[in-house]
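Trainee: Taken from TrEMBL, the feature domain '4Fe-4S ferredoxin-type' covers 10-41, 60-84.
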Amino acid sequence: MDKELKQLQEKINYDKTFDCVQCGYCLPACPTYETMKKETHSPRGRINLVKEYAEGKISVEDLKEPIDKCLGCNACTVVCPTNVQYGKILEGAKHVIEEKRTKSKKEEWVENLIFDKVFPSRKWMKRIGNVSWLYQKSGLQSLAQKIKMTSIAPLHLDQFEKVLPDLPSPTKRKSRPKVIKAEGETRMRVGFFTGCIMDSVFFEINKKTIELLIKAGCDVVIPETQTCCGALHAHSGKVESSRQLAKQNMIAFEEEHVDVIVNNAGGCGARLVEYEELFTDEQWKEKAKSFVEKTRDVSQILYEALDQIEFTRPINDIVTYQTSCHMINVQKVTKEPFELLQSIPGIEYRQFKGYDRCCGSAGIYNMLNYDDAMDILDKKMTHVKVSRAHTIVTTNPGCLLQMKLGIQREGLQGKMRAVHLVELLHEAEPVSKERQVTAISNNA
Ligand code: SF4
Ligand code: SF4
């Protein structure tokens, strides 16, 4: 076989495509097959295309569109009876497509700026947060919306900026300490993975996450040299950049000697638990193994600490939950958010049909494939409305913005809201039981 073809087959994980027995069990689970109704836009169809491409039977152009339209939600891997590693096949295909892509100098410059400078830099992300705060507070946002100036923004950013939360002032951002001590006795030393979007746009959710963790008996450390998880890089076929970011994060948390590494974003968490697969050399593989073993979603830590906290404010509301695909299909965190929600006094929990299917956000899929993502979202909102819930809970920033957008598209602002799980738990005003007991005995 020609050497180039052999190398391509290795890169694209050709051998893994043979695990697919074409049974079609994955078809009903695939959101893009449901909305686009094409075999090429199903898991089985995409695997076949990758195989044909790796055998030199089709061109990269034939492969590109079906792969670009895949959400990467991993719903197909969960139902597959032969355990096809679709995620690996998808990542390989994206890597090869990216390598073959011809870019103009301008495109290359913009991509390098976004992927190599902006996302990996905490400074840059802070700056973006501060500029957005100024945009909101100076009245520029209202003016731009009034004169419809936002409609000229690319990638449908005008739609997303309408549902952005209120951003914190630069002073508030600056005042966060690096180490925050537990309330009461320390149960564990937790390293908090802040995420890039979470820490710039959803800074308040990060703040509430820390507050919940300290009530659950955790000393919280925020390593300053941590960086982006690398999910966006990997989903865009930039494997080497993703590997470098993983290395930086592993070193940052290793230096802090933490017991556990906690995140609050389903998509980032999924990337963090996949770090081991990025390396072949023993030394980095070993480091990655230890990193992955320590990685947890915040819901797992809070669930384990449920007997140590008490919610003091009932939330009399009908609540539903839109899962994060990466959290349930990759991290396999399933029961904890449900259990936490149902432990809040006053809540009436109602599950809607398809709660565990992708909402169409999928990283930046909804920006790059806006119309397809909105088809998926609109379908979801029809089921959400049937539940008659007033609050939709999510566990990932992308899903949160997408569900806010869904509420807006349905004209339900003021009647329905979307929140992160951490926000709802915080709203229920949890207190540390140990601290309560200490306060009572001090007063006696
Ligand atoms: S369920 Fe698995 S084996 Fe069956 S068609 Fe889908 S990917 Fe292939
Ligand atoms: S990852 Fe999601 S969208 Fe892509 S093929 Fe699998 S089920 Fe379909």
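Glycine is no exception: its Cβ is also placed from the backbone N, Cα and C atoms.
Automated prediction, rather than curation, is the source of TrEMBL annotations.
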Trainee: Over the span of the domain '4Fe-4S ferredoxin-type' (60-84), count residues by DSSP class, listing helix, strand and coil in order.
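Mentor: Helix/strand/coil tally for the domain '4Fe-4S ferredoxin-type' (60-84): 14 helix, 0 strand, 11 coil.
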Trainee: Taking DSSP states H, G and I as helix and E and B as strand, how many residues of the domain '4Fe-4S ferredoxin-type' (10-41) are helix, strand and coil?
Mentor: 18 helix, 0 strand, 14 coil
Trainee: Take the domain '4Fe-4S ferredoxin-type' (10-41) and average the pLDDT across it for me.
Mentor: 95
